[in-house]
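Noted in TrEMBL for the protein shown:
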| type | residues | note |
| --- | --- | --- |
| DOMAIN | 16-106 | domain 'Acylphosphatase-like' |
| ACT_SITE | Arg31 | active site |
| ACT_SITE | Asn49 | active site |
Amino acid sequence: GGGGCAAMAEDEGLVSVDYEVFGKVQGVFFRKYTQGEAKRLGLVGWVQNTSHGTVQGQIQGPTARVRELQEWLRKIGSPQSRISRAEFSNEKKIKALEHKEFQILK
């Protein structure tokens, strides 16, 4: 903790985080919904299916917004998906966004 001001400034920084979502997440429009949610939150990055049945990608944007998408990936997902768990890794502060938009990669 510290002063309210410091906490606020801390939260305004940009972060980058990698994610992987496990469960029934392929063939249920998971990537399309993830892209839609990311755009709604003003985030950039990417999402793709993996060969082992998961969905993975990277999210970049303001910390608070990234947290919102992490929560969404952990609990909500697309309507027909069944998420067992979401793992996040390589979180780091960044000075500027490294992607122009949120893309679905093949």
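Note that Cβ sites are derived from N, Cα and C of the backbone, with glycine treated the same way.
Note that the structure is a prediction, hence the values are computed from the model and not measured.
Here the domain 'Acylphosphatase-like' (16-106) has, by DSSP, the following mix of helix, strand and coil residues: 25 helix, 39 strand, 27 coil. The 10 Å shell around the Cβ of Asn49 (active site) contains 18 further Cβ atoms across the protein chains shown.
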